[in-house]
Amino acid sequence: MKTDDLITMLSTQVEPVDRNRMGRSLALGVAFAAAVAALATLATFGVRSDLDHVHSLTYMIGKLTFTLTVVVIATIYLLRLARPGGERETSLLVLAAPFLAVMMLGALTLSTAPRSHWDHAVLGTHWIECIISIPLIAVVPFALTIWAMRHAMPTDLRRAGAAAGLVAGGLSATGYALHCIDDSMPFVALWYGATIALCAVTGALLGPRLLRW
Amino acid sequence: MTANETELKALMLASLAGDGRSHHELLVRLSGYLRGFYRGRLSHTGRSVSEAEDLVQEALMAIHTGRHTYDQAAPLMPWVHAIARYKLLDYLRRTRLTVTDVGLDHAEDITAVDDHAGAESAFDLGRLLARLPERMRRAIELVKIEGLSVAEAAARCGASESAIKVNIHRGLKALGMEIAREGKP
């Protein structure tokens, strides 16, 4: 095939391009992912029952602040990574910032608490439920985010996959935080942080396969 | 490169607004840039000129089907270069060459030369089209090859205009994937 012939074919009957198309499908994908994560947690666990206590509400808002910060940063990066060359505008440090912040707060809490409280502060009451639920709830949101990303052309498939995993993990953790009654900072830093990071790593591993174009 | 950027970006903006002539001009000029880029990279590996042309066509297809991913506020050439680079890395992965074979690390230093000679790939458009699903192949043949308008093609196929547009877009994307698959030596 002559390249000139290909160009002639591609230039025949050119249609105007909808400049918002990619942003729209990504926004739609993330919105569906958020809905699925919220519904999955509410259907399985329901909202925590002690919200009439001011403390519980405060702690829940604290956890949601962390998970939603992760979601917002990851979504912004997803939008950047969707375009060829977008990886130049990403920095690992920014992505890691919310995780580092909760780790520091967690370490601070432990350092001021007596040793005998450490076990409970780190393990809480439901750490196993937490590390199983967050990755499981993230599966469908991850698929939806990847589906949306396939309308784009990321040129760094590892980072794009990692961002999709981070969005899914962050949304899943947000949903789970509505139910979770373990409120200690070290618990959030370790189990939330680790499971969301696991989702990001999984995304980075799957990205080159799922997002190739 | 800077003069190029201004002119090429103007062509790109016109093409995104639906101007076929600008789109043609843009693709012709970018094909020259891509050809210089790929020939320069592949010449180190002793690969044939037609393999470079395979990559030129793959990249052109990607530029065409992915032009909605271009941010109109940003410069054009970094976007084109990212696509060209991605397609080269993808090709290296498929053919098990390594980055050191082609010296990609220096890609940014070398201004790709404009080169228009011998621009023919090993692909056969008819054969590639034949592998597409009927509705996509038909939409591409009617609009992109015979030059009917989308409305005329819709009437001819008894489909809606948006269905024709979607089939053309998906078909060209699939065609790009077929080229990538075929390009595996």
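Heads up, the Cβ atoms here are built off N, Cα and C, so glycines get one too.
For the transmembrane segment (A:26-47), the residues of the chain that approach it from at least six positions outside its boundaries are 71, 75, 78-79, 82, 133, 137-138, 140-142, 144-145, 147-149, 151-152, 167-168, 171-172, 174-176, 178-179, judged by C-beta separation under 8 angstroms. If you look up TrEMBL, you'll see A:26-47 (among others) marked as transmembrane segment.
If you look up TrEMBL, you'll see A:59-79 (among others) marked as transmembrane segment.
According to TrEMBL, the transmembrane segment annotation covers A:91-113 (among others).
Look at TrEMBL and you will find A:125-148 (among others) tagged as transmembrane segment. For the transmembrane segment (A:125-148), the residues of the chain that approach it from at least six positions outside its boundaries are 25-26, 28-30, 32-34, 36-37, 40-41, 44-45, 78, 161, 164-165, 167-169, 171-173, 175-176, 180-182, 187, 191-192, 194-196, 198-199, 202-203, 206, 210-211, judged by C-beta separation under 8 angstroms.
Residues annotated as transmembrane segment in TrEMBL: A:160-178 (among others).
Residues or ranges marked as transmembrane segment in TrEMBL: A:190-211 (among others).
Beyond its flanks by at least six residues, the transmembrane segment (A:59-79) meets 23, 26, 30, 34, 48, 51, 90, 94-95, 97-99, 101-102, 145, 149, 159-160, 163-164, 166-167, 169-171, 173-174, 177-178, 180, 183, 188, 192, 196 of its own chain at Cβ-Cβ distances under 8 Å.
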